[in-house]
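Presented below is the structure to which this report refers.
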Protein chains: 2
Amino acid sequence: MIKIINTLNQNEDVQKEIDSLLNRSQLEFGEVNRLVEEIIKDIRDNKDKAVLEYTKKFDGIELKSMIVTEEEIEEAFSSCDPELIEALREARDNIWDYHSKQLNNSWIQNDKKGVMLGQIYNPVEKVGIYVPGGTAPYPSTVLMNAVPAKVAGVKEIIMVTPPSKDGKINKHILAAAKIAGVDKIFKVGGAQAIAALAFGTESIPKVYKIVGPGNIYVAIAKRIVYGYVDIDMIAGPSEILVIADETANPEYVAADMLSQAEHDTLASSILVTTCENLANKVKVELEKQTEKLSRKDIIEKSLKDFGAIIIAKDLDEAVNLSNEIAPEHLEVMVQNPFEMISQIKNAGAIFLGEYSPEPLGDYFAGPNHTLPTSSTAKFYSPLGVDDFVKKSSLIYYDRKALETNKNKIIKIAESEGLTAHANSIKVRFK
Amino acid sequence: MIKIINTLNQNEDVQKEIDSLLNRSQLEFGEVNRLVEEIIKDIRDNKDKAVLEYTKKFDGIELKSMIVTEEEIEEAFSSCDPELIEALREARDNIWDYHSKQLNNSWIQNDKKGVMLGQIYNPVEKVGIYVPGGTAPYPSTVLMNAVPAKVAGVKEIIMVTPPSKDGKINKHILAAAKIAGVDKIFKVGGAQAIAALAFGTESIPKVYKIVGPGNIYVAIAKRIVYGYVDIDMIAGPSEILVIADETANPEYVAADMLSQAEHDTLASSILVTTCENLANKVKVELEKQTEKLSRKDIIEKSLKDFGAIIIAKDLDEAVNLSNEIAPEHLEVMVQNPFEMISQIKNAGAIFLGEYSPEPLGDYFAGPNHTLPTSSTAKFYSPLGVDDFVKKSSLIYYDRKALETNKNKIIKIAESEGLTAHANSIKVRFK
């Protein structure tokens, strides 16, 4: 099933193998693109009417009203397993705690006489959160998207999620929305939901930023409305990379790789190890554990297509490879995991040691599980409070300070041929 | 020329007037889109060869080599006006100073026994900067884009800018690049430059993020490569909004509005004032000062199409209007400008008092002049160090901490139907 690549073997073209592992881009879908463009145009023109038609067409339900009522939320909440509610509440608290450490203060710089500069933080006022429906509803997604927005001070959090054929929303999703403090929930999914949030309809408020994962229609719609509103990122399939030495437990390594592989046949699970013996043991464990897992078929395909065990010369080579791959999740299972932090340049989330498995981060620890995929950790960050806050610069000069510097400003303005810019300084000192 | 809108006049549809002022979106250009898609595909397939062909076609010059040599840079630098060099150096120092205050430290959270969470900052490794060429080259753009990247610790800053027909680059642009510390400069512009930076060619390195303004081809190309690489924002035409009371000097207000209006016929200059007398005086001043300015034709068209003087009931209404418009540049010329900071929610840069005209910020004070336009200050921030830094989350639990929480994690995983996630916790405590 999974392939083993040995970088010490001269005949292996390691770079080519890695390139093929990473070749899972979701950015090119011409035909879907045209379809989504049409849906968006229709929603802009016909608002609620069009939204309801698409909901009938794609979700198979004719809704009278899209808003989820207080009663529906309470009913869902009270029918959930109380232990699950408790676990979600504690996860919410951990997420709140971690994200509140990301808050920055507005600041001023007052070190020059007559000059005050600064940076003012304000929350984005209205935010939309997309939550996928379907067969596997994820309450954790609701928490991970809504809590940072709450921490940032967003005034209005609008959640959209597709209804099932009976016009209902999964109870865990509604419970998580209540726990997270979502303000309004609408029964709408797909590209029509993204368009409704971006442009507003009679019932769905226009927001300024849209976050949350979704299928290819949702991803493409987010790309199209980007610029009209802000979006979080284009999420691709999930990835894990484990760096392990001879001290790692093969059973744990395999279990963690499988926890990614079960997400999606496009998910990628990679082990980079300095120990050939571990490589072989992990391979055996992967096969053994897969047999007992409910999503066996997905796992086997994902490991075959996008899984790999890479044997590296030493830990330096291992971490270099990892920086090149820039994984969404990076587990470091080596003797001294903390010592490697300074070498890790590109990774969404870093899990240190053998008791920090990736699902701990997916659900519970506090850091966000919305992470940059497909090598985009080279330039993107985990979702966080910064995504829901924006800055304004502040500039104050008094008369003396401006006068002292006026000739330099005029000089640059004139070098750019912008005489009205120069004039705006000159009129003040005629 | 400029229209006066009085919100106290019941017959005025103020909202409609404002909507029409803001209706300058650059996001819909189907035909240009197709052309740019073709160019990008060609560059991906044929790399340098295609880049050189487009440079011949669009810039009218057959280049042998695209890289700007050390000699070219030195020659340009030494032929510049020494006073301009000095002004640019001081601007660079101010920009450096302000942006270095935006740097965040990596941090850890260690308040629970056996648990360590954190957030690690790393600079984006390679960044591309687009600098427009043409008749009005802007050295300030080079500084405002390159200096924050340097402050962030970016290792490689690649600048691209279109050559003129003689194969040269404007000397001020090259001097600014030297002053800012740009690492490599290539003679290439348009969509072909964006594609080359996004995908790499034999001579132009692939980067992870592309910043800088450009024409419609550049803007559309940035939109298309977004996701493969990160981009700064989709820059629209420039805007200024001045909030002024009866204490404001009409001559200054008019001069500052004109400094925006000269940028572009699509630029928007708006005064919101509580004083009808000031409104009338500013109107007179605008006409008087325009007569003497070199870009008179641009200014007149811009003021007519997208300029306005709005009379507001009081300062509260004025600032509410401003928050709704979310201007790129906001000047506050009232008796106590500092007192208004807490009410301002959406603005790119805020200029306080009568000696802080917008060109001070464009060139010299230190805050960035790359600012969110077209109401996007509702969700975007000025360009800054954050744009060149990315974060990784850090998660460490010891055995005891994971064991204490294992049932809650398993509970959530199983509620989502992800048994391999639950298994990854379970195998550790068999």
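Here the Cβ of each residue, glycine as well, is placed from N, Cα and C on the backbone.
For B:Glu328 (among others), the entry in TrEMBL reads active site, proton acceptor. Other Cβ atoms within 10 Å of the Cβ of B:Glu328 (active site, proton acceptor) number 30 in total over all chains.
Look at B:His329 (active site, proton acceptor): DSSP puts it in a strand. Taken from TrEMBL, the feature active site, proton acceptor covers B:His329 (among others).
Sequence annotations record features per position, and here TrEMBL assigns NAD(+) binding site to B:Tyr130, B:Gln192, B:Asn215. Classification of B:Gln192 (NAD(+) binding site) by DSSP places it within a helix. The Cβ of B:Gln192 (NAD(+) binding site) has B:Ile39, B:Ile43, B:Ala50, B:Val51, B:Tyr54, B:Thr55, B:Phe58 as same-chain neighbours under 8 Å, each 6 or more residues away in sequence.
Residues or ranges marked as substrate binding site in TrEMBL: B:Ser238, B:Gln260, B:His263, B:His329, B:Asp362, B:Glu416, B:His421. Classification of B:Ser238 (substrate binding site) by DSSP places it in coil, neither helical nor stranded.
Packing around B:His263 (substrate binding site) is summarised by its Cβ count: 23 other Cβ atoms lie within 10 angstroms of its Cβ, all protein chains included. Annotated Zn(2+) binding site per TrEMBL: B:Gln260, B:His263, B:Asp362, B:His421, in sequence order.
Of all the Cβ atoms in the protein chains shown, 27 others lie within 10 Å of the Cβ of B:Tyr130 (NAD(+) binding site). Less than 8 angstroms from a Cβ of chain A: among the recorded positions B:Asn215, B:Ser238, B:Glu328, B:His421, that describes B:His421. In sequence order, B:Pro132, B:Gly190 constitute the residues six or more apart from B:Asn215 (NAD(+) binding site) in its chain with CB-CB distances below 8 Å. Here the C-alpha separation of B:His263 (substrate binding site) and B:His329 (active site, proton acceptor) works out to 13 Å.
Put simply, B:Glu328 (active site, proton acceptor) is 10 Å from B:Gln260 (substrate binding site) when counted between their Cα atoms. The NAD(+) site, placed at the center of the C-beta atoms of B:Tyr130, B:Gln192, B:Asn215, has further neighbours from the same chain whose C-beta lies within 8 angstroms: B:Pro132, B:Val160, B:Pro162, B:Gly189, B:Gly190, B:Ala191, B:Ala193, B:Ile194, B:Gly214, B:Tyr217, B:Val218, B:Ala221. Closest to B:His329 (active site, proton acceptor) by Cα-Cα distance, out of the binding-site residues B:Tyr130, B:Ser238, B:His421, is B:Ser238. The Cβ of B:His421 (substrate binding site) lies under 8 Å from the Cβ of B:Ala413, each of which sits 6+ residues away along the same chain.
In this view, the densest Cβ surroundings among the binding-site residues B:Ser238, B:Gln260 belong to B:Gln260, judged by other Cβ atoms lying within 10 Å.
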